[in-house]
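Feature annotations, courtesy of TrEMBL:
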TRANSMEM  12-37  transmembrane segment
TRANSMEM  57-77  transmembrane segment
TRANSMEM  89-109  transmembrane segment
TRANSMEM  150-168  transmembrane segment
TRANSMEM  180-200  transmembrane segment
TRANSMEM  212-235  transmembrane segment
TRANSMEM  296-317  transmembrane segment
TRANSMEM  347-367  transmembrane segment
TRANSMEM  412-431  transmembrane segment
TRANSMEM  443-463  transmembrane segment
TRANSMEM  469-492  transmembrane segment
TRANSMEM  547-567  transmembrane segment
Amino acid sequence: MQQTSNKSKKPFNWKVLVGVLVAVLIVVAIYIGALAAKQWDFKAGTLFFIKDIMLNNFLGINAILIGLLVFIGYLILGRGFSGTIIGTMKAIIGVLLLQIGSGALVGLAKPIFAAFQKFSGTSVIPLDTYSGQVSVGKFLDAIGSGFSSWVSYALIIGLFVNIILIALRKWTNVHSLMITGHVMFQQAAVVVPVIFVLMFSKGAGLIDEKGVVSLGAQLGTIIFSGLLLGVYWGVASSATIKGTDAVTQNAGFAVGHQQMFGAAIAYKIGKYFGKAEQSSENRKMPKGLKVFEDNIFTQAVLILLVFLILILIIQFAPGLDESVRFAGKNGLVTNGYGPWKVGGGNAFWVVQLILGSFQLVASIIAIQTGVRMFVSELQQSFQGISDKLVPGALVAVDVAATYGFSPNSVTFGFISGTVAQFIGVAVVIGLSRIPGSFSIPIVIPLFITLFFNSGSIGVFANASGGYKATLAVPAIFGFLEIIVIALGLGMINSFGIKSSGLVASAANSKEAVEYLTHGPFFTGFNGMFDWNFIFGILMIIGGGHPIAAYIVFPLYLVGMLVLAQIIDTARQHKPTSMQKLFKIKPTLLEQPVSEEAVAQNA
C-alpha cells in the first residue's frame, strides 16, 4: 500500500523552482541597476525602480500584466517551457487585438454621439459590454498613464476573494468559482471607475490640485473594488445553482455571467406567471424569427438601424451648424467624421453609413476575438490554480452553456425583452428633455445586451413558469433596468464627476479631456441586468451625496454575504443559521460518510 502511494506521488518540479529563482534574480539585478543609476540614493533609486521601471514598463501596461499573470500561472501549474511561452504570447497578442478593435469602435462611435449631444443637449450612451469596457479603459488612462491596469489588479483580488469564500464554504455557503474571464473583466470595468469616482476622488489627500491621484486613493480603489467583485462573483454565481440545475437537468455547473442575480430572481418568480409544464420548448418557433438566431446578422441590422437614426437626425435636424453635419452639400462625409470614410473619400454618405455600421460590428468582433484569446489562457491558468486551492468547487461558466437546453426560451425572452427595453428608451428620451442640473443620458441597448440579457432571463423564467414567464419576466426586467440605469448614469455624470477632484488641464489630450469631463461611461456602459438594475440603484443612491457612497457600497458588500446565508444553493449538507431563522428549507445533500464509518460498517 505504501509503495502504491509513493508511485502515485508526483515528483518535485525543479523547473518551476529554477524559473522562479531566475525571475527573482532578474528583478534584483534590475533593482540594483536602478540604485546605481541614481548614484546609490536608496529613496530615489527605489522610487525610480517602482514607478519608472516596474509600473511604466511592466505592471502598468495591461498587455504585459496579463502576459505575466499567464506566465506565472503556467509555471505554477508545471506547464512546459514552450507551452508557457506560447500561452503568454497569445495572451499579450489578444490584449493588443482588443486595443485595435477598441480604437476602431471609439473612432466611429464618438463623433456621432458628440454631434447628437450638440443637437439634443443630452448624451447618448450605448449599452454594450465591450463598448463599456473600452470606455472605462480610456477614462482611467486619461486620469493617469497605465491606470487602466487597475481593472486587472481588482480582478486578481476578486478572484482570490472568491476562492477564499469557497474554501470557507462551510460558513459562507458559497460554492461556485467564477471562471468566465471576459465577463469578469467587463464587470471589473464597471466597479473600478464607479468606486473611484464616488469614494476615492473626493476629500483631502486623495487628489491634489493638479489632478494627481495619491497612492492611497489608487490602492483603496483597487482593494475595495476587488473585495466587492469577489463577493459578488461568489454569492451571485452560487445563487444560480438551483435554477441552473432545473434548466440543465442537473448538469453540475453554475452560471457566471452578467445577470446572475437576475437569473436567480427570474427562476424564483417565474412560477407566479405560469406553469413549468407549459414550457416554451413545447411551442413551435415561427419561421420568421429563426433569422435572429444568427448573432452577426442581428447585431449588424440593429447597429445599422441605431446609427441610421442618429445620423439622419445629425444630417437633417434644423438649427445645427454645417460643420456638425455628417455630410456636406456634395454628398460626401465631412472631415469631422473621418473614421466613417470606410469606402474611400469619394463614396456618398449613404454608402459610408452602411459600411461604417458594418465596420462597427467588425470592430466588436475584433474585440471579442482578442478577449477570447487572452481570457482563454488566463482562464486555464486561474482554473488550474483554483483546482489546487479549492478542489471540488462548482465552476460558474458562460450563460450560453444553458441555451442548448432551452433554445426557444432564448428567442422568446430576447424578443419580449427587446420590445420592453426600447419602450423604456422612449420613456428615457422623454425624461432627458426635462430641464435642470440633473441631466439624464439617452441609453440605447445594442445586440449583445439585448440577446444575452433578455434571452438568459427568459431561460431561467421558463424553468419555473413556462412560456408565459418567458415572455413576461424579461419584459418587466428590461423596462425597469433601462429606466434605472439611465438615472444611475445621470447621477454619475451630473454629480459624481463634477464633485470629484479630477482636473482636465491643457496638458491632457483632447480625448482625455472629453473622458474626464463626461465620465467613465462616455462611449458605453455594460448594459446587463445586474449592472443596470442592482448596481444602477447603488449608483443612484451613492451618486447623490459624497457620504452616501461610503454607506451604500459597504452595505452592499455585507448584504451579499448575508444573502449567501439565505439562498438555497442546493449544495449544502445542513441549513445555515439564517435559513433556520427565516424557516427556509434548502435542498440538502447527503452528509459525506467518513472512511472510519465505512470501515466500521464493513
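Using the three backbone atoms N, Cα and C, a Cβ is placed for every residue, glycine included.
If you look at the transmembrane segment (443-463) against the transmembrane segment (296-317), you find at least three C-beta pairs under 8 angstroms, all six or more positions apart, and that counts as contact. Outside the transmembrane segment (296-317) by six or more residues, the chain places 112-113, 115-116, 119, 124, 126, 324-327, 349, 353-354, 356-358, 360-361, 364-365, 444, 446-448, 450-451 with a CB less than 8 A from a CB of the stretch. Counting same-chain residues at least six beyond the ends of the transmembrane segment (469-492), those with a Cβ under 8 angstroms from any Cβ of the stretch are 125, 127, 194, 197-198, 262, 266, 269-274, 280, 409, 412-414, 416-421, 423-425, 427-428, 431-432, 438-443, 445, 453-455, 457-459, 461-462, 519-521, 525, 527, 529, 531-533, 535-540, 542-544. The transmembrane segment (89-109) makes contact with the transmembrane segment (347-367), as judged by at least three Cβ pairs under 8 Å among residues 6 or more apart in sequence. Contact counts against the transmembrane segment (212-235), taken as Cβ pairs under 8 Å, peak for 150-168 among the stretches 12-37, 150-168, 180-200. Taking Cβ pairs closer than 8 Å, the transmembrane segment (150-168) reaches residues 62, 65-66, 69, 136-137, 140, 174-178, 184-185, 188-189, 191-192, 196, 218, 221-223, 225-235, 382, 386, 389-390, 393, 564 in its own chain, all 6 or more past its ends.
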